[in-house]
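Annotation comment: Swiss-Prot describes ARG108, ARG110, ARG112 as symmetric dimethylarginine. The feature omega-N-methylarginine is assigned by Swiss-Prot to ARG108, ARG110, ARG112, with similarity to another entry given as support. Per Swiss-Prot, the feature heparin binding site maps to ASN169. For TYR215, the entry in Swiss-Prot reads phosphotyrosine, with the evidence type similarity to another entry. Taken from Swiss-Prot, the feature SUMO1 cross-link applies to LYS228, supported by similarity to another entry. Look at Swiss-Prot and you will find 261-277 tagged as region 'Heparin-binding'.
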Amino acid sequence: MVGVGGGDVEDVTPRPGGCQISGRGARGCNGIPGAAAWEAALPRRRPRRHPSVNPRSRAAGSPRTRGRRTKERPSGSRLGDHGRGRALPGGRVGGRGRGRAPERVGGRGRGRGTAAPRAAPAARGSRPGPAGTMAAGSITTLPALPEDGGSGAFPPGHFKDPKRLYCKNGGFFLRIHPDGRVDGVREKSDPHIKLQLQAEERGVVSIKGVCANRYLAMKEDGRLLASKCVTDECFFFERLESNNYNTYRSRKYTSWYVALKRTGQYKLGSKTGPGQKAILFLPMSAKS
């Protein structure tokens with residue numbers, strides 16, 4: 001109420017005795033006549049809801065934040081389609097998995113461990129030959145021949161162990177006879193297939209029959225013969241091919257190769273060439 005002098009006057013309207021006014025209505029007035037009607041006349045306050053509980057505000061959002069992100073994706077979070085996990089920095093990328101492996105990439109797995117590195121392929125070893133142990137891929141690295149070119153006995157310690165040259169074409173071993181003939185034979189017990197390879201220079205070798213005491217030579221007409229003395233026709237370029245077979249090409253007649261036919265006879269040098277099976281040989285140990 002407002003007083004005559006403009007000052008405020010306290011409201012002294014009588015209320016039922018024993019009533020206490022609270023923020024949500026009168027308490028203790030249920031037993032007083034007329035208290036119910038008086039309480040109904042009081043203004044009621046509706047309880048306020050927290051903004052986070054209001055479903056409309058949660059669905060629609062405020063105009064200021066609608067249509068934009070309020071938080072940036074943390075660094076190292078997972079990238080990809082419907083992923084739910086957040087991997088550590090350097091985490092996996094792509095897929096729908098929920099794994100948290102820090103290093104795994106791709107896939108849909110849910111593993112939590114780092115993938116084990118794939119084992120390196122085993123080194124290619126020597127393949128066993130049909131007639132014994134094979135020195136596949138070996139290149140002769142031997143000292144040079146004596147300057148006098150003598151055909152005497154080999155000085156001890158100057159040569160590697162004797163070899164057998166196994167031809168891929170027909171499965172023959174290169175054989176040098178004491179009378180100078182050259183051919184192939186399948187029996188590995190034949191003593192004339194035991195050969196001594198000696199390096200004259202890098203990549204160049206001579207081939208000598210241990211029992212025949214003769215050197216393999218390529219003649220000008222392409223024939224293979226065994227010479228008692230070392231000449232310029234007795235040296236061959238030794239090359240390791242990609243299939244682990246060796247080829248022996250004449251140093252004097254550079255387009256001709258040592259070769260054996262499927263019948264076991266030697267092949268004329270003029271009829272040989274790269275890629276033929278007849279020119280492929282495997283050096284095998286003669287001790288077995």
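Going from the start of the chain as shown, residues are counted 1 onward.
Every residue gets a Cβ built from N, Cα and C, even glycine.
Distance between Cα atoms for the residue listed as 'phosphotyrosine' and LYS228 (SUMO1 cross-link): 6 Å, as a whole number. DSSP assigns LYS228 (SUMO1 cross-link) to coil in the three-state reduction, placing it in neither a helix nor a strand. Comparing Cβ neighbour counts within 10 Å across the recorded positions ASN169, TYR215, LYS228, the minimum falls on LYS228. Recorded residues LYS228 (SUMO1 cross-link) and ASN169 (heparin binding site) have their alpha carbons 28 Å apart, per Cα-Cα distance.
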